[in-house]
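Feature annotations, courtesy of TrEMBL:
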| type | residues | note |
| --- | --- | --- |
| DOMAIN | 229-371 | domain 'O-antigen ligase-related' |
| REGION | 436-469 | region 'Disordered' |
| TRANSMEM | 74-95 | transmembrane segment |
| TRANSMEM | 107-125 | transmembrane segment |
| TRANSMEM | 137-155 | transmembrane segment |
| TRANSMEM | 194-211 | transmembrane segment |
| TRANSMEM | 218-237 | transmembrane segment |
| TRANSMEM | 243-259 | transmembrane segment |
| TRANSMEM | 264-282 | transmembrane segment |
| TRANSMEM | 355-379 | transmembrane segment |
Amino acid sequence: MNFLIVLYGGWLALSRLRRLVLLFPVLCLFTPKGLGLIDVPALPYLSVNRALVLVMLGAYALQAMANGWRLKRSAFPFSGPFGLMAVGYLCTWALNPARWSSDTVTGAMEFIEVFLPCYLVFRFCDSPAAARRTLRYFYLVAVAVSLYGTLAYFAHANPYFDYLQHTTPTGRVLAKDYSDSVRGMRAVGTLSHPITYGAFQVYAFIVGIFLHRDRRHAGRVALFLAMQLVLFVGIVVTNSRTPLIFLLLSICVFVILASSKDRLFFAQVGAVALAVVCLAGLEYVERFADFVASTFSNDAAASRNGSSLVMRLGQMAVAWSFFVQSPLFGNGITMSRDIVASGKYPDFYNAESALFQWMIDLGLIGLTSFVWLFGRIYASARQRIGDRTRYAAINAMVTGYILFVLATGVLETMQLFLVLIALLLVASRPEVGRIDPDRTQTRQRAPARTGCAASPAPRRPGGVRRDKP
């Protein structure tokens, strides 16, 4: 199946690259890093997702060569941050020659995987209608995936996850559902990690808020709330706190920035939801609150696997000790991964924060590029979006995601995050009368006038019109 997905992607890339670019967000829901394509000890690990990115890169390079490397100008708003990020990766790689064997492929692919899909969305999706249609497909598929993940969680059987585990025989990339951990089994859906799965569902939840504009038809509102409930339950059964915090912060930001009409709607929904929960039992509310608050706890069970603020302070101390050794350009693209694998620093169980990882690996240059990137997203939303609801949804997603990566690390979430941000920005553009390239539209000609129109009265050389008697 893995090779069939890549072959299908290659056929789309060569026949119509635009279609593959718009399909890529949906494919991300089924092609996590743990879905391996080539996993042999003598070669670098190649996942299906990475293979699709390379296919898009090759097809785009062929198009550029066919056009004599003359590319049309695109409204890509993140050129500066990605340019600085590329400089940071290149300098970190060049200044650490002892790590070239491990950093060359890893650094190149990390940058390409984050940059290329986002760039291609701005290059090929210039129609707001096409962007909204892509977001709608992504939302519907994400709801179906969430429903599958929840059913698999309660049935204690996930055939897709079992298949993922067989695609990485060397064990370099593992698919984990933490069934043997303190918290017990956690829902992973069609992905390889519960936190990544939870983050993807939060993306879909916010996309649903962005797309839902019809508040007049009760049937559509009920369907929207039902699908949002499916996503919320899917987030809860991941048994992961950071996706929940991501969701709660995003909702708070949206309510603050949204219009009074949207605030009233969500206040009504919240009141009904609270009443239903109270009828079902307040103990569930208490368990949920305790689960989220355990992030700030010093309890041993809460601190397991670096998941509390106390252990993050220890990780911060380790990250700072490496950061001061090479503060400007970092210690190497894979340095944080090697620190975790060595086991010499018990507090640094994992790179549980993107801040720690960027400090160690890329230094101040890399850290500045990511800060600039998030700042450009905020600025682009403020400059380009006039609709208050859409502006609030994008800001909510970005703010929640920043806290998410600071709390638990990037994992595999930034690629899809940037693709969706690009689609949301394009979908928020005002319509300017352009024809959607995916739909054939015919212009209706104005009906011919009957009779003869009176010819304009002749003018004298001096410019004064001679009126007819």
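Placed from the backbone N, Cα and C atoms, the Cβ positions cover glycine too.
Within the model, the domain 'O-antigen ligase-related' (229-371) shows a mean pLDDT value of 77, rounded to a whole number. Sequence-distant neighbours of the transmembrane segment (218-237) (same chain, 6+ residues past either end, Cβ-Cβ under 8 Å): 139, 142-143, 146-147, 149-150, 153-154, 186-187, 189, 197-198, 201-202, 204-205, 208-209, 212, 243-244, 247, 269, 288. Among 74-95, 137-155, 243-259, 355-379, 74-95 has the largest number of CB pairs under 8 A with the transmembrane segment (107-125). Counting residues 6+ beyond its ends, the transmembrane segment (137-155) has Cβ neighbours under 8 Å at 25-26, 29-30, 161, 185-190, 197, 200-201, 203-204, 207-208, 211, 227, 230-231, 233-234, 237, 420 in the same chain.
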